[in-house]
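Since the structure comes first, as structure tokens, the remarks are kept for the end.
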Protein chains: 2
Amino acid sequence: MGLIVQKYGGTSVGNAERIKRVANRIVKRKRAGNQVVAVVSAMGDTTDELIELVGEITDNPPRREYDMLISTGEQVSVSLLAMAIHELGEDVISLTGPQVGIITDDIHSKAKILEIKSERLEKELEEDKIVIVAGFQGVTINNDITTLGRGGSDTTAVAVATAINADLCEIYTDVDGVYTTDPRVVEEAKKLPEISYEEMLELASLGANVLHPRSVEIAKEYNIKLAVKSSFCCNPGTYIKEVEELENNIVVSGVACNKGEVKLSVLGVPDQPGIASKVFIKLAEESINVDMIIQNVTYDGVNDITFTVDEEDFKQTKEVLEAMKDELEYRELSFDTDVAKVSIVGAGMVTNPGVAARMFEALAEEDINIGMISTSEIKVSCLIARDKAEQAVQAIHSKFELDKLGMEND
Amino acid sequence: MGLIVQKYGGTSVGNAERIKRVANRIVKRKRAGNQVVAVVSAMGDTTDELIELVGEITDNPPRREYDMLISTGEQVSVSLLAMAIHELGEDVISLTGPQVGIITDDIHSKAKILEIKSERLEKELEEDKIVIVAGFQGVTINNDITTLGRGGSDTTAVAVATAINADLCEIYTDVDGVYTTDPRVVEEAKKLPEISYEEMLELASLGANVLHPRSVEIAKEYNIKLAVKSSFCCNPGTYIKEVEELENNIVVSGVACNKGEVKLSVLGVPDQPGIASKVFIKLAEESINVDMIIQNVTYDGVNDITFTVDEEDFKQTKEVLEAMKDELEYRELSFDTDVAKVSIVGAGMVTNPGVAARMFEALAEEDINIGMISTSEIKVSCLIARDKAEQAVQAIHSKFELDKLGMEND
């Protein structure tokens, strides 16, 4: 018995048959005595078809119009899902992001949720309806439709769960939980029955592709219990909760790999205070997220600044840097698109010295060169050559004996 | 120089190539010094694809969810058209029905526009933008998306023209104007350079398929000058205006044919006052439009009530009548789905006696039986067997010598 928010990804509602299956799952949960809100992504291929149409018209669509177009994908899936649930005899209503009152800023295609005015949602729940919410989208205070960017539906689900104070937020996806690493890369990967918000946050940011980091961030902030489950089977999945609630605190709980970043270097800038901040403030203004950063003084008193950004921001980042040539007085720019970031994550790391060293050792044994290193209390990341990524993940996974975790319990 | 509302149908924006062509046409008009608002339907096939998806899920979708689904079609076309216009270097914004502030009642799938809150539209026009409006859709005061039913984009265009006090409303379609009859049926059909609102209204209601009657009604009420033009060629089209502004007032200006109606008879109801009103009030409550009606007392003191409705309302009408069996005490119901309504329309008819008689003569000469007759000041309609429809139209067209009208001037 409780108020449950579920989230179904695009694959889970990829065709009429799958939509009916999800409808059944939701209705079952409702009939067990729960209130259910389901957040849904666009059907598998629809977004791609829309993007193809755009390509026939322009290479440079205004982002506002792009959001207007792309947001139709979820509107289609939520209304179809509502029809399927109605067919099963339950009271149901679908709502778009704007109808739910998901207010965002106006950074189109990458909008951030500012507030959820949940009156409508609560009214429908009080009338004992199942509510289907379009993920990934919101609306500015000027009534323009926005989208939240990649993984946005996860964020919608967690934000909605927060707004209505849900007991649990279940993320249904095409994998059945969070693994020690990508099972497509390392066959011996093990599913984790539970993990802390912090570890999940690092794994999410590192490209584990299960949950969007922003959604984990919000869940952590408002202490919303998360579960990652498969929409195709009935395994218990992985629960994500506070560290103190975990049963075990293992040193390294996962190895992640992200091939979606690009390395940029600004070479030969004067060794003066404020140069780096100029670069990163400008990038922040353009809503470009910078990931790893290193800066080192070279022999002749000039600086090199090296950092990574998402591949999709590469073009824009390059343009920003080129436009700043006079201001920064750099000697040259260099780019490396052929990189991958391999990381280990674990809440127990902070109290176990030598974890990073073991990771470096694993890479050295494979003759893999490390380009950049970045660490946090519960994470170590290394930038390496992209074609060595799988080899590195396998070596590290086996170095930390993650295949022997014995935590698989279903 | 002026404020122009244009409307483009689904065929006009059927693919990327056509969208670009429409973009060019709009931009040309803007650069000639006009303010332009374009109302757009869904791309040719998208609605059909969505309806197919519904069919895989349910035979009986809730109308609210159906509107939610179907309204995505226009949202796709307006955003793509805005992208194409932006590509040509003009300032542009697309707006959904809800964003425009097209407030409707809550009869989903057949909603009527109650009001247009045009502040947003006017603000965008003041900023010198081209505004692209999603046709066919609106929003209830409770923020639920509605659709206006068939031909709804025409209505949107005229209603928007009224709300912003436009100088002209141009309806672009796949024919290049209003003809004396359907040119696909009668090769000799002639294009009318102008026609009165009243005649157009009758032709529209009679299934001439060029303009939706509701749109002509609104244009007439607010005296908005209408033009019907082809989106594929540059012919002048047909202007629709007040009778007094017409240059000629011809007796019969067009022959229309509607194969989309069904005849229903309620046979053997007691000959008491109020029986017919019971039927038609009930149908009105269900938002079913009744077209032709006849009632006649039979020899044994009971009544037969016969009327026609749109084919798509047939199932529902039958259910309403069946549910009223005890109340109406009728003997039986009968149906004829095999009918067509052939009509002549002309503003000059009212001052020319014998017009109806000539029409009946034309039908008699072809041995076509007349099932029902209905007349207005500027119209005569006859219900005949569906398989005789083309033959009837040809005979009437030639009887009134419409092929010799000599009004074709382009």
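Placement of Cβ uses the backbone N, Cα and C atoms for every residue, glycine included.
In the three-state DSSP reading, A:R184 (ATP binding site) counts as coil. The Cβ of A:R184 (ATP binding site) lies under 8 Å from no Cβ of any same-chain residue at least six residues away in sequence. Annotated ATP binding site per TrEMBL: A:K7, A:Y8, A:G9, A:G10, A:T173, A:D174, A:Y179, A:R184, in sequence order.
Under DSSP, A:T47 (substrate binding site) is assigned to a helix (H, G or I) in the three-state scheme. Under the heading substrate binding site, TrEMBL lists A:T47, A:E74.
The annotation domain 'ACT' is assigned in TrEMBL to A:264-347. Taken together, the residues in the domain 'ACT' (A:264-347) have a mean pLDDT of 88 on the 0 to 100 scale.
Within the same chain, the residues at least 6 positions away from A:K7 (ATP binding site) whose Cβ sits under 8 Å from its Cβ are A:A38, A:V39, A:V40, A:S41, A:G135, A:S153, A:D154, A:T156, A:A157, A:C169, A:E170, A:I171, A:Y172, listed in sequence order. With respect to their backbone Cα atoms, A:T173 (ATP binding site) and A:T47 (substrate binding site) stand 17 Å from each other.
A:G10 (ATP binding site) sits 10 Å from A:T47 (substrate binding site), counting Cα to Cα. In this entry, ATP is bound by A:K7, A:Y8, A:G9, A:G10, A:T173, A:D174, A:Y179, A:R184, whose most widely separated C-alpha atoms sit 23 angstrom apart. A distance of 18 Å separates the Cα atom of A:D174 (ATP binding site) from that of A:E74 (substrate binding site). Cβ neighbour count within 10 Å across all protein chains ranks A:Y8 highest among the binding-site residues A:Y8, A:Y179. Mapped onto DSSP helix, strand and coil, the domain 'ACT' (A:264-347) counts 28 helix, 36 strand, 20 coil.
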